[in-house]
Structure formats: structure tokens, C-alpha cells
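Presented below is the structure to which this report refers.
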């Protein structure tokens, strides 16, 4: 009982330390998860900051839009006249021409509130230089726009990688990771409870150092337990070797016992042997248990192994004796074969009977010798049982031998009766017929003798066949004897012709009997095989027998070892009591130091921690829902920002169109009369256009930054993709690419417009103008005159 309790305590210690290792691993995993959650929290704060900055940018954009609308209204109220306002309706037709839209947009940028007044007239070379400067500035702006486009593409790529990374790691948490985090949380809770109990006197200032002390204590205990486990593993290996050897011996004994039981009917012997083997196994098991309690008991097991080896040697000796017995049986078989061959060679029947008796006597003497050997080699109880079984077998053999002798005598009488009479009993007149008849009868007698020899062999082989085949073999000789009697009676009562017919019938019957004898021979072969099998089983059974002296010797040795083991057990119990006292003291100290709890407390703490885990999982679910909600709000804000940006672009486009219309009307109102003044004004307009271009480039840069900020942040991209917004994000990216393409087209068209504007301006300064330009100007004037109320 004490050993069982000690094994249970060791098993519980192993389970506790396995749980400690597992909890440490889970603690590391939980710390990693906490770091990831902290990073996500930081990313959410950065996303909120970006959202606030985006909202501020939207407010600024709306303020700028309002300012532009005010500027448009002021320009429309100050500089527009009733004649020039009507040109707005004709600008749509003019904008259909290629290059005119960008020309007007660049010309219309000069009409700003803060536009400087018109400068005095200058030379044409100054105007050409100013135009070239404007071209250079436009090229620089295009280069800056290209760089901005590259930056936007790079930002999109980084954001895409971030979304893929966070989408794979945050939204879909594996079950194993969740379980490990859960276990780590339980471990942390247990550690926290232990720390709180152990540091109840210093909760405020000593909470940080207790886990380190506990970890150091746990490491010391883990080292001690590892040493104990190594010692225990070595002992278990030795015990496993002993178990394997015992199992091999057990299997051999069982095989031998099963074979012996199938051959002999001595079930009681086998049961006693098996009970004795079981007793030995129980004693060996008790020895093994005692050996586990102390390392010194391994020597006793080695002694038992030596005894087992001695038993194996004794079994080998018994195997040799069984081989000798098998040789004796083979000699007996040879003798039987000689007896079978004797009638075929013409030996006398009485000699055969005497030989049978002699062989039976020899067999009985051999059985007596075997009984004497068995008396020396087995216990008395087993010997008595074996004697009873052998006596029964001898009685059965004697009965069979007597039956065989009777059958043999009857067969010989039948043969003598079938033999022909003397020559003096025959008539002289029938000498020739008698000679023929004598020859025929000689043939008949020889055939009958051959048949009798075969019958004799069959009768001699009958004792070796099973009891089931004996009935059939007994019926066949009886039928043959009846047939022989019938033939002898027919010979005495019929003539020679009928005698010949009877001989032919007898020959036919002989053929039938020969076929039956072949069948009987097959049965005899089967009986021989069965006999060999039984002999092998007998040999295997005899292998497991030991002598009485060896049995007593082994029994005395086992009793001595049992007494020694009992004394050792008493000593071990005493040492175990001392060790238990020490163990209880150590456990009390360990409970004080490590604050160990019982299983019920552990289960209660586990349930409470499970409830806390469920609450935390609910909180985590709420936080995830809130996170998704914030992601949807961010996406809505981004969509609104894009919508406001599109509205702002439309307003800017409208503003540019209005500015273009105003610039065209102003330039066309002073068509020819103030050409030089218009050139100076155009120079100022070009400078203002440069200024506007820089402002617009700044606006584009700011809008690009706003667009980059409006893309899903690194901490929230996974949640937005998981919320079902990848299609909208792709739409936004396509929109950005379309805007960049439009910007490139606008720059290209701007260059062409500037080139055409410069060529026309130089032509106008030199006093010549293209007819197409003049026609267009006259057409515009006519349209304004026809629609004065527009």
C-alpha cells in the first residue's frame, strides 16, 4: 500500500512538472500574442490619428473650395460685362476642338483676386523669355508629378503587402494557437494566485519579484525530479529486460503445456503446472515490486534469473530423456514392421504370436522403467496420476493385443480350413483332375495366404489407428472371414467347374479386398502420422518436466529467497516509513514555499479561471466587433473623402472652365485695338499661371498624401479586407491610376497648347495672324452678338 501511494505521488509529481513545462510554453506563446495585440492597438491609434488628419484635410479642402467659389463670384461681378457673359454658351462648342480646352484653362488661370495689375508694355523678346520660363516650369511640374505617381504606387504596394500580412495573421487565429493562449492564460492566472497567496504580506511592493523566486524554485525542483526520473528510467529498463525474459519463458512453458495436454489426458498435471507457474510469476512480481522500492533488490532478480536458467538446463535434460523414449518407440515400430513382414515371408503363426507376446513384455518392461524414471523425476501426486493413466493405457493395449491374437488365430484357422486335403484322400482315377485341382487350390491357398498376410498386417496396424477407425477395421476382417468360410463350404459341396467359377468369384472378391486394403493402408498412414504427432507432443510435454530433487531444491531456494525478501521488505517498510516522514516534512515545506494546493482547490481555481477566460473571450469578441465597426467607419470616411475630392476636382474643373471663358472674353474684347496691352497682360497672366501651377501642384501633392492616408492603415487593413471592402479599395486604386493618367494627358496637352499659344503670340506680335485663328475669333464675336441675353 505504501509503495502504491509512493508510485501515485511520483506519478502526480510527473504530471505536475509536465504541466509546468506546458504552461511555460503557453506563457511564451501568450506573450507573443500580447505583443501582437499591442502592435495592433498602436496601429489602431495611428489609424485614428490618420483619420483625424484626413478629416482636417477635408475641412481645409472644403474651405479652399469655398474660397474659390467666392473668388469666382467676385470675378463674375467685377470683370464680366453683359456682352462678355453671353460668350459662356459658346464655349462648349469651342471646347470640342482639340487643344482649345487646355489653352483656355491655362489662359483663364490669370484671373485671380490677388492678380497683379497690368505691367507696362515691353518688348517681344521679354515676352518670349517669359514663355520659355513658363515652359521650363511646366516641365519641372510634370517631373514632380511623375515622382508623385511613383511614390503613390510604392505606397499602394506597401499597403497591399501589409494587408496580406495582417490578413493572414490577425483575422484567422488557429485553434491550436487559441488553445495554447488559453492554457498560457490559465498558467498566468495560477501563478498570479500563487504569488498573491505567498506575498499576502507584501502585495503592493513585492509582486514583481515573487514570480522570479517561484521560477527559480521550480527550476530547482525540476532538476531534482529529472535526476529521479533518470534513476527510475534505468530501473525500468532493467525491469523491462526481466519482463521480456519472463514472458519468453512463460510462452515456452505454455506451448509445452498445451502440447502435453493435447497428447495426454492429464489435465490435472497441466493445471498444477500452470498454477505453479502462476505462483512463480506472482512471487516474481512481488519481487519486482520490492525491487522497485530499493535498488539493492536487483541482485535478487538476477538470482531468480539464474534459477530460471537452471530450470531451462533441467528441461534440456528432460528433453534428452524424451528423445531416448522416442528412440524406444521407434524400435517398437521397427519390431511391428518386422512382425508385419514375417507372415509375407512364410513364418509360422505361433512364432508370430510368441514374438508379439515378447514385444508386449518388452513394452511392459519399458513402461515399468519409464514409471521408475517418472517417479524420480516428478512429484508423487503427478506420479500417481501418470501411473493411473499409464495403467489404463496398458490395459487398453493388452485388450487390443488379445483381440489381435484372437483375430490372428481365427484367420489362421480359416487358412488351414481352406488348405487342400492330403493326396491319399483323393481317388486314383482323378489324378489328373486332382493335379489340376491341386494346382488351382495351391494357387488359391497362396492367394489366400497372401490375403491372410495382408489381413494380418491390417490387424497389426489397427492398434495404432484412432478409436473411430477401429470399428471399420473390425468390420472388414469379419466380412472377409465370412467370405472365406463361404468359399470353403462351396469348395466342399460343388464340382470342379463350379469350383473354378467360385475361384473366379473369389479372385474378384480378392481384388475388392485389395482395394479395401489400400484404403486401410491410407488409414494406417494417417494413424502413423497421428502417432508421430502425439509423440512430438509427448516429447514437448516431457521437456517441461523436472525431477523431484530439483523441484525440492528450487522450492527450498525460493523459500529462502522469500524469507530474505520478507526481511528485506520489513527493512524497506521501516526505511519507507522514515522516508515518508521526511517526505511529509518536505511536502509541508514545499507547500509553504511553493504554495501548493490540493486537487479540489486546483479544480476550483481552474473553473474560476475558465469562467474568466470565457468573460475575456466575450470581451475579445466585443473588441473585435468594435474594431470592425471602426474599420467600417474609416472606410466610410475614406469614401466620403474620395467623394469630396471628386467634388473638389469637379469644382476646380468648373473654375478652370469659367476662368478660361473669362480670359477668352477679356482677350477677345480687346481684340485689335489693345494688342500690345493684351500681350503685357498675357505676360502677367503667364506669371500668374506659373504661380497657379505651383499651387495646383502643391494641391495635387497634398491630395496624393491625403489619398495615401485614406488607404487602409497597416493595423486596420486586414480588418477592412475581412469586412468585405476589397472591391471598393480596388475601385479607389483604379480611380487613382485613372487620375494619374488624366494628369499625364493634361500635361501633354498643356505642352501642345503652350506651343500653339506661343506660335500664335509670336505671329500676332510680328503683325501677322493665321486665317483660321481670325475666322475663329470672328465666329466667336458673331455668336456673342447673336445671343446677347445669355
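A Cβ is built for glycine as well, from the same backbone N, Cα and C atoms used for every other residue.
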Per TrEMBL, the region 'Disordered' among 379-398, 459-478, 479-498, 499-518 spans residues 459-478
Could you tell me which of the ranges 195-220, 221-246, 247-272 is annotated in TrEMBL as region 'Disordered'? 195-220
Tell me which range among 20-71, 72-123 TrEMBL lists as coiled coil. 20-71
